[in-house]
């Protein structure tokens, strides 16, 4: 009985059109591409789409800063993103943009259906308004004095000092973080999606067993804390789609972004005559999978299925979330040269190396993946060059020189061949469940067996003995056959190497012909299939990344605003004695690690080296240093004998010194070169 091909639609999360693609993005796109290529090899009907996420305030503000239109900015971003994905052999059937006619129409349609079904609510809310910029100010764009503890320079929703929450309008002396002006209060009608109405459906979907256990458990926590109505509107000025029938109101970017999956597929359907409803209509028997990062699970497991349910469309079959990429055990860092852009990598290294390395470490769980640069070189060279490609090269020479490229008419070891091909379904199961690490482990175990077979048969010895031509041809043909099976298994991971192998073998590598040996088949002349990865290539990537970071920093310094005539110098504090000053023990400290406190809008957490011990210090300088990882490796000045202070997020064991008026106007104090951690400031 013939099994009907599955109908599958796969998407990746939409990269934001306000920055370059980096190796963190590539984890997800490589993971999805391997799965898609595997499904194609299995004969399934699969479509793979993505798009740029092209709306929102950051794009509007960045375009204004660059002196171009948002449309020009997102057009360049899309071209850059498509180039990078193509460079890594990501086989999208379509790559689109959320700023498209298809997305505009689908967004309006879904909104109107939700509204007609009673799932859109409206209410008038009061917001602070910047009269100079003529824009409403979200919480993070307002600063002022905490109404509870009177701490200065606090954000508009919560105080980092006393942990109080409040409305932006409760702030004392509020100011716009955009222009610095004093905001006024204005009322505005906003539109809300009634997410709580879908709680029953979402709970049932969670219990279906199709979601990753980590996602299902997290959703249960969200249910327990209570679902809230979701504000889906933003006031002008805003770069996005206007809400139908409402003046100066726009859809929040997270409403139209996931609809971009549908829009990209719609664009493909219109171009190739595919039935859109066959994949998206309620009750569709097609499979729909979203590959995403763990940071956007909330939107994809709550808002998105609820929106689809409320507008009469089908829900995803599953949402596959993955973790983040770290480099050498730490967050990616521009200053250390490890925040690697895709284009920088492609300037120096074969993309198949990264595809293989990620595959060797990826599993079906939401775990961070460490990109260890030393291990990267060793694993690629050991597995691909020394084991896999060498298996072909060490046998191809004999077949070409002694037998005019023709393979033997029968298998030298049928049992060994059967052992290799018998693993096809197990390896397929690993690919299907996204346990690529297990698939690679199994394939490499077989590769070791193949090389052991050749080592034991020693064709280089047989070649020197008279009358053993048939044996030599049989052994080397067996080695080539095993290489063919292994390359078939690795084709989803290494598509370009597979293409070169197919040229050499003069045969297509398919899953359904793995069991069919190339008996009596003629090979093409052997050419080098893969180059060894050198450490100097890694060094070049790191140095180019550092140079890009330094150039960007230099450009930013040139464009920084000069202090205005209105700037004032704080008055000198009350006089103290030398004895008072002597009580302070100030030390030079080296930043080992610096990261944002997720629950805080203001704090950075530092891990500091003081020479003979380390300390944890929290500092309210997040607004001034929005890329904290770039501070790692710097020397700072700290007050070391300040009493430890227990805060909401942990114990702070000292104070880091900085200068400025507060907020984004803060500058860390540093020491001249030559200092070491722990030195006392005198």
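Backbone N, Cα and C define each Cβ position, glycine as well.
Swiss-Prot has this to say about the protein:
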BINDING   146, 149, 159, 162  Zn(2+) binding site
BINDING   334  ATP binding site
DOMAIN    580-682  domain 'tRNA-binding'
MOTIF     15-25  motif ''HIGH' region'
MOTIF     331-335  motif ''KMSKS' region'
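Secondary structure counts, DSSP: the motif ''KMSKS' region' (331-335) has 0 helix, 1 strand, 4 coil. According to DSSP, the motif ''HIGH' region' (15-25) comprises 3 helix, 2 strand, 6 coil.
A separation of roughly 37 Å, to the nearest angstrom, links the Cα atoms of residue 149 (Zn(2+) binding site) and residue 334 (ATP binding site).
Its Cβ placed at the centre, residue 146 (Zn(2+) binding site) has 22 other Cβ atoms within 10 Å. Across the structure, residue 146 (Zn(2+) binding site) and residue 334 (ATP binding site) are spaced 35 Å apart at their Cα atoms. It is 30 Å from the Cα atom of residue 159 (Zn(2+) binding site) to that of residue 334 (ATP binding site). The Cβ of 149 has fewer other Cβ atoms within 10 Å than any other of the binding-site residues 149, 159. Proximity of residue 334 (ATP binding site) to non-local residues of its own chain (separation of 6 or more, Cβ distance below 8 Å) is seen for 545, 546, 548, 549, 552, 627, 629, 630, given in sequence order.
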